[in-house]
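Undergrad: In case it helps, Swiss-Prot gives these features for our protein:
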- 60-80: transmembrane segment (TRANSMEM)
- Asn142: N-linked glycosylation site (CARBOHYD)
- 207-227: transmembrane segment (TRANSMEM)
- 210-501: domain 'ABC transmembrane type-1' (DOMAIN)
- 247-267: transmembrane segment (TRANSMEM)
- Asn281: N-linked glycosylation site (CARBOHYD)
- 330-350: transmembrane segment (TRANSMEM)
- 353-373: transmembrane segment (TRANSMEM)
- Asn403: N-linked glycosylation site (CARBOHYD)
- 455-475: transmembrane segment (TRANSMEM)
- 608-866: domain 'ABC transporter' (DOMAIN)
- Gly645, Pro646, Asn647, Gly648, Cys649, Gly650, Lys651, Ser652: ATP binding site (BINDING)
Amino acid sequence: MSTTLAAPAKLKSLLLNLHTHCIGLHVNDVTPKVYFKLLIRHLLQISRSNAAHPKLRRRAQILLVSLFLSGVTLFSGVTYSTFKIILKCYKFYKFPWKRRNRRPLIRRTRSQMQLDSGARIMYIPEVELVDRQSPDDNKFMNATDKKKRKRIFIPPKDNDVYEHDKFLFKNVELERAKNSQLFYSKFLNQMNVLSKILIPTVFDKNFLLLTAQIFFLVMRTWLSLFVAKLDGQIVKNIIAGRGRSFLWDLGCWFLIAVPASYTNSAIKLLQRKLSLNFRVNLTRYIHDMYLDKRLTFYKLIFDAKASNSVIKNIDNSITNDVAKFCDATCSVFANIAKPVIDLIFFSVYLRDNLGTVGVAGIFVNYFITGFILRKYTPPLGKLAGERSASDGDYYNYHLNMINNSEEIAFYQGTAVERTKVKELYDVLMEKMLLVDKVKFGYNMLEDYVLKYTWSGLGYVFASIPIVMSTLATGINSEEKNMKEFIVNKRLMLSLADAGSRLMHSIKDISQLTGYTNRIFTLLSVLHRVHSLNFNYGAVPSILSIRTEDASRNSNLLPTTDNSQDAIRGTIQRNFNGIRLENIDVIIPSVRASEGIKLINKLTFQIPLHIDPITSKSNSIQDLSKANDIKLPFLQGSGSSLLILGPNGCGKSSIQRIIAEIWPVYNKNGLLSIPSENNIFFIPQKPYFSRGGTLRDQIIYPMSSDEFFDRGFRDKELVQILVEVKLDYLLKRGVGLTYLDAIADWKDLLSGGEKQRVNFARIMFHKPLYVVLDEATNAISVDMEDYLFNLLKRYRFNFISISQRPTLIKYHEMLLEIGENRDGKWQLQAVGTDEAITSIDNEIEELERKLERVKGWEDERTKLREKLEII
């Protein structure tokens with residue numbers, strides 16, 4: 001019993017003696033309530049007093065800093081935990097109790113909201129609904145957890161920013177030609193431009209995160225310096241056998257571990273958070289140009305650098321390369337900032353111990369080894385870029401196989417695809433192995449220099465002050481020498497570690513250079529294509545030669561703005577119809593107007609009833625009465641035009657010009673089109689958005705949020721499906737409505753059903769003008785007849801592109817493109833002698849083919865007999 005009572009008394013006596021001998025504070029009669037205030041007041045008094053013993057004052061300062069950091073850590077943790085508890089209690093009160101004994105709420109479908117300023121608010125689910133299996137009856141039931149949604153504010157797009165940044169990217173290469181190569185760094189100039197995207201202003205959140213990271217880096221360096229001193233003091237007390245001092249230092253060790261651990265975790269968290277924020281800024285910047293109304297994502301294929309791996313595998317560039325660039329940027333910053341801060345702090349402290357000569361010798365060693373490593377550093381940036389390009393090729397080929405799996409299966413192309421995939425995989429493995437092989441020799445040299453050479457020299461520099469002091473005084477104090485050696489050794493190791501990480505960062509910078517160049521190339525191309533003066537990849541040298549020849553013939557000076565000379569056609573928007581006048585249909589290429597010409601001087605217009613003309617005509621009829629409200633097309637006359645011709649003659653190219661995704665090269669060419677809301681295009685290949693509902697497919701390109709915001713209802717879509725004979729789709733699913741069903745509609749629907757969905761889109765959007773390209777080639781004859789009559793019944797103005805003469809009966813005008821691919825064409829009204837003659841010629845051609853059927857069958861029989869003999 002006495003032993004049990006003696007233990008607390010001994011512990012109390014030990015604590016009282018620690019306060020008395022270590023910091024000179026007597027706490028015998030102090031109550032716990034006033035203990036903390038008394039301790040802080042006493043420590044502040046000692047740390048400020050010049051009369052106090054230096055050792056006592058140093059201990060007081062260490063305790064104050066440790067208590068402050070521990071208090072900050074504890075306060076932040078308690079505050080965050082309290083906030084979370086209050087938030088949980090509020091949600092528990094607001095939702096479960098309020099909704100008890102009520103019917104379950106309808107699932108929220110709205111994902112974003114457009115503000116008047118152009119900004120958007122998006123709601124992103126954080127926790128997905130999962131299915132849980134009941135342990136009692138093996139029945140699946142939906143989880144009761146509701147989806148947590150995070151509110152994200154997306155600022156409106158500022159086109160002025162992109163117009164300004166376009167010149168920044170353009171001037172980088174121009175500055176390289178102006179400046180001397182000695183003072184020019186391609187990497188630094190590219191990073192300088194990209195940094196304006198990553199951190200737009202000093203008031204940006206990323207700048208605050210960067211400042212916080214620098215603060216914690218400095219804090220970690222100071223803590224490392226303090227731990228080094230404390231380590232030497234602990235070793236000294238152990239050798240001297242001072243038990244009380246050892247216990248006191250050990251308590252300080254455990255106390256300082258709290259802010260040190262918090263600092264290390266905070267640095268990692270801030271680095272990851274900063275990388276994600278950089279990725280958000282860069283991705284939004286890319287998306288604003290890539291997914292713009294100027295159709296940058298399509299026009300990229302015509303840029304001069306379209307064959308570059310960055311643009312050819314642009315999906316890999318936007319996803320993987322951006323992520324790698326942001327991670328590498330934050331990693332390199334941390335790997336450079338921390339060693340630099342360490343070098344400054346440790347050098348200042350070591351200067352007092354080693355002297356100026358010792359610190360100078362350390363830095364001379366750093367510069368020599370840095371020069372050696374820099375000289376033998378392999379081109380890791382170039383190799384990283386090549387590896388990323390090979391990775392993109394391999395990924396895209398697999399993606400192409402997924403998108404065309406059915407076609408490959410029909411062709412039995414497994415062997416060919418396997419060979420190609422194996423070849424791309426071997427190339428990828430070769431690139432990855434090449435990087436590892438190149439790193440092998442460099443890593444061996446790096447380890448020898450940084451780990452062993454620097455450690456050996458560290459022992460030499462750490463022992464210099466001890467040896468010199470012993471020789472000078474003739475006194476050998478083992479305790480003092482041991483403490484100084486431990487402190488100097490630990491600081492030297494930390495300094496060597498800082499230097500080695502600084503040398504390691506040379507390799508990281510080399511890899512970052514490759515990622516930076518790829519991202520900069522991507523943004524440069526996007527800016528060029530996004531520009532209003534994009535010339536579709538026309539090469540200036542070809543244009544200048546052509547311009548000089550033309551100027552020489554006309555005795556004029558050549559113009560210098562070649563980009564403006566490439567595309568010289570005129571586009572008139574918000575026109576009450578579709579008009580093409582004297583337009584040369586030319587495939588976009590580096591030769592611009594000197595490229596492959598498909599159709600010469602194409603001229604037509606709907607919905608005006610014009611006289612039959614041919615390609616020999618210079619212009620269409622006078623449009624001075626275009627504003628007359630009595631004209632048929634202003635009242636929805638249902639004018640129609642059929643563009644007829646063989647494969648490869650340029651029919652679909654006409655649609656591309658009307659949609660403004662192909663340019664008008666010739667100077668006297670005029671394109672007049674209605675506003676975007678009054679024209680609708682149906683391409684050859686029906687498109688279905690991935691992961692969307694049936695409602696999303698019908699209303700495309702309108703979003704579901706806009707659909708409900710504008711007051712539309714599902715019953716209108718049901719009526720449209722009835723009109724296009726697709727109402728049976730609604731009976732496939734079970735539940736409230738099949739319109740909410742999510743499926744891979746591209747594979748679920750047949751070819752004819754997908755084309756009828758296109759007509760459903762026309763019925764929903766109700767445009768004044770529709771351009772259809774082979775929109776019924778997968779539909780039966782009776783359904784085709786019904787759909788075209790549906791367009792005529794609702795008085796749509798439409799242009800059909802086809803190679804089947806059977807569609808002539810549904811149109812008023814016929815534009816026939818020659819079969820000889822000489823660029824000739826003929827426009828005529830259906831029912832005229834020319835149109836009837838054209839139809840008769842088609843019928844005669846079909847009859848001649850039918851007469852040869854018997855001969856073809858005989859040839860097939862003979863071939864089968866020969867094959868049986870073989």
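In case you wondered, yes, glycine gets a Cβ from its N, Cα and C as well.
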Undergrad: These are the glycosylation sites: Asn281, Asn403. Which one scores highest on other Cβ atoms within 10 Å?
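TA: Per the Cβ count within 10 Å, the most buried is Asn281.
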Undergrad: For the ATP site given as Gly645, Pro646, Asn647, Gly648, Cys649, Gly650, Lys651, Ser652, which other residues of the same chain have their Cβ within 8 Å of the site's Cβ centre?
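TA: Along the chain, the qualifying residues are Leu598, Ser653, Gln803, Ile817.
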Undergrad: State the residues, same chain only, that lie 6 or more residues beyond the ends of the transmembrane segment (247-267) and have a CB under 8 A from a CB inside it; answer 'none' if no residue qualifies.
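TA: Sequence-remote neighbours of the transmembrane segment (247-267) are 14, 18, 22, 59, 62-63, 66-67, 69-70, 72-73, 212-213, 216-217, 219-220, 223, 226-227, 230, 233-234, 237, 334.
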Undergrad: Which residues of the same chain, at least 6 positions away in sequence, have a Cβ lying under 8 Å from the Cβ of Lys651 (ATP binding site)?
TA: Ile643, Leu644, Gly645, Asp773, Ile801, Ser802, Gln803, Ile817
Undergrad: List every residue in the same chain as Gly650 (ATP binding site), at least 6 positions away in sequence, whose Cβ is under 8 Å from its Cβ.
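TA: Counting only residues 6 or more apart in sequence, the Cβ neighbours of Gly650 (ATP binding site) under 8 Å are Val585, Leu598, Ile599, Ile817.
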Undergrad: When DSSP is mapped onto helix/strand/coil, what comes out for Asn281 (N-linked glycosylation site)?
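TA: Reduced to three states, the DSSP call for Asn281 (N-linked glycosylation site) is helix.
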Undergrad: Which has the fewest other CB atoms in a 10 Å radius around its CB: Pro646, Asn647, Gly648, Cys649, Ser652, the listed binding-site residues?
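TA: With the binding-site residues Pro646, Asn647, Gly648, Cys649, Ser652, fewest surrounding Cβ atoms within 10 Å: Asn647.
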Undergrad: If you measure Asn647 (ATP binding site) to Asn403 (N-linked glycosylation site) at Cα, how many Å is it?
TA: 25
Undergrad: List the Cα distance (Å, whole number) between Asn281 (N-linked glycosylation site) and Asn403 (N-linked glycosylation site).
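TA: Pair distance, Cα basis, whole Å: 30 Å.
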Undergrad: Quick one: Cα separation, Pro646 (ATP binding site) versus Asn403 (N-linked glycosylation site), in Å?
TA: 28
Undergrad: Which three-state DSSP class does Gly645 (ATP binding site) fall into?
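TA: Where Gly645 (ATP binding site) sits, the three-state DSSP reduction gives coil.
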Undergrad: Please report the Cα separation of Gly648 (ATP binding site) and Asn403 (N-linked glycosylation site) in Å, rounded to an integer.
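TA: Computed Cα spacing between Gly648 (ATP binding site) and Asn403 (N-linked glycosylation site) is 25 Å.
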Undergrad: Quick one: give me the count of other CB atoms within 10 A of the CB of Gly645 (ATP binding site).
TA: 21
Undergrad: At the level of the C-alpha atoms, what whole-angstrom distance separates Cys649 (ATP binding site) and Asn403 (N-linked glycosylation site)?
TA: 28
Undergrad: Per DSSP, Asn403 (N-linked glycosylation site) is which: helix, strand or coil?
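TA: Looking at the DSSP assignment, Asn403 (N-linked glycosylation site) belongs to a helix.
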Undergrad: Any idea what the Cα distance is from Asn403 (N-linked glycosylation site) over to Ser652 (ATP binding site), rounded to a whole Å?
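TA: Between the Cα atoms of Asn403 (N-linked glycosylation site) and Ser652 (ATP binding site), the distance comes to 23 Å.
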